[in-house]
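In what follows, a structure is listed as structure tokens, so that the remarks can point back to it.
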Amino acid sequence: MGASRTGCYLLAVVLAAVMNAAIAGITSSFIRKVEKTVDMPLDSDVFRVPPGYNAPQQVHITQGDHVGKAMIVSWVTVDEPGSSKVVYWSENSQHKKVARGNIRTYTYFNYTSGYIHHCTIRNLEYNTKYYYEVGIGNTTRSFWFTTPPEVGPDVPYTFGLIGDLGQSFDSNRTLTHYERNPIKGQAVLFVGDLSYADNYPNHDNVRWDTWGRFVERSTAYQPWIWTAGNHEIDFAPEIGETKPFKPFTKRYHVPYKASGSTETFWYPIKRASAYIIVLSSYSAYGKYTPQYKWLEEELPKVNRTETPWLIVLMHSPWYNSYNYHYMEGETMRVMYEPWFVQHKVDLVFAGHVHAYERSERVSNVAYDIVNGKCTPVRDQSAPVYITIGDGGNLEGLATNMTDPQPEYSAFREASFGHATLDIKNRTHAYYSWHRNQDGYAVEADSMWVSNRFWHPVDDSTTTKL
């Protein structure tokens, strides 16, 4: 290891010790101005349809394989199918290549979708900027993305974290804050609840279209890693819609087959020095179910010498001290938490509760029918649990908290915002949460995270339990 890298390690250790000085758990005293959260009207600029006949819209990308050398490009054409091909080339090459995808449509009650295109670009080079074009003729649209560095233990990488976004004025503020944050995210880990179309009469799927156009300014340029939330279920037998997750699965593809997963709702990816596992809070997760069996086999596969950072995404939080959705994730926690502790998961991100909360490293796995132990305890092999369901959707904030604040809860606040996770190396990452009311560089909550496999020191930010 070179002297400069050793110096960075030592600096990170010192900074972590200073930044994570132990204090009591915080219920933020920040007073957010009380305002009704409302969706932006259909004629808002952020929903503008691109000009021209059959112009591609709702462009979004996500990782297209297990290791970061492929990208799924998706878009919608409204007037006719058009072309499903993607033309792409690297920044330093004039040689253009073509990838071909497929087209699908769906109906939902009285709504018929446009033509939804999905095309996977494969065999990309790591750490390379690519330009790509979709559409044909005068309405061709051009975008770009950058592939991640090659997977490795000390590869730095920065993730954005957003959940429960919706398409309100507050949603727009959240996305703007993420875009202008000086800690530049390179990919977004999205913890579920996208469009909130199901809050409209008959689950108005036009609101899936408007949401796709709204987020295109980010999703077309950097991959968003998708997690399904309860607002993606769209199960409405009263109007004849009995196939759960229909709009979500038609519109948003993920690389679940690349890793041997059996369903689109749970899958892993490697990206830089991180191993990301996406789970489904709204699919069966009990013993012997497909998700249970898959996760039981998946966790032992994670090679922490290759990808030191083990991160899990889900929608319903396991540790939640708000009265909203209180203990909804409890049965899933009972099933899977022992595995998380055994395999030393570093961080778990969830949404669902429309507020922000960060826990200490705690577990509640000691109970058996005799000992009666059913209280969370400090556990340095356990993850930090973070609820980031504060994206800004029209349902508003969860302001009612349990009192007193549980000892496992390090920081909580009912404000809209987003977060970033800046992985430095195999031992340290810097996490920060940013509320919408602050300047773009302001951190309302932060901590240095110590990796559980390579540097399992106490990184608590509050006094001991």
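The chain as shown is numbered from 1 upward.
Just so it is clear, glycine is given a Cβ too, placed from its N, Cα and C backbone atoms.
In Swiss-Prot, the Mn(2+) site is described by Asn230, His315, His352, and among Asp193, Asp204, Asp209, Asp379 the residue recorded at this site is Asp193. Together with Asp164, Asp193, Tyr196, the Fe cation site in Swiss-Prot holds one more listed residue from His325, His343, His354, His418, which is His354. The number of other Cβ atoms within 10 Å of the Cβ belonging to His352 (Mn(2+) binding site), over all protein chains shown, comes to 27. Across the residues annotated as binding substrate (Asn230, His352, Val353, His354), the two Cα atoms farthest apart lie 13 Å from each other.
Annotation for Asn172 (N-linked glycosylation site): same-chain Cβ neighbours under 8 Å, separated by at least 6 residues, are Met40, Val46, Phe214, Gly392. Note: the CA-CA distance between Asp193 (Fe cation binding site) and Asn400 (N-linked glycosylation site) rounds to 21 Å.
Considering only the recorded positions Asp164, Asn303, His354, Asn425 (N-linked glycosylation site) has Asn303 as its nearest partner by CA-CA distance. A 10 Å radius around the C-alpha of Asp164 (Fe cation binding site) takes in these recorded positions out of Asn138, His315, Val353, in sequence order: His315, Val353.
For Asn400 (N-linked glycosylation site), applying a Cβ distance below 8 Å and a minimum sequence separation of six or more within one chain yields Tyr322, Asn323, Tyr324. In this structure, the C-alpha atom of Val353 (substrate binding site) lies 7 angstrom from that of His325 (active site, proton donor).
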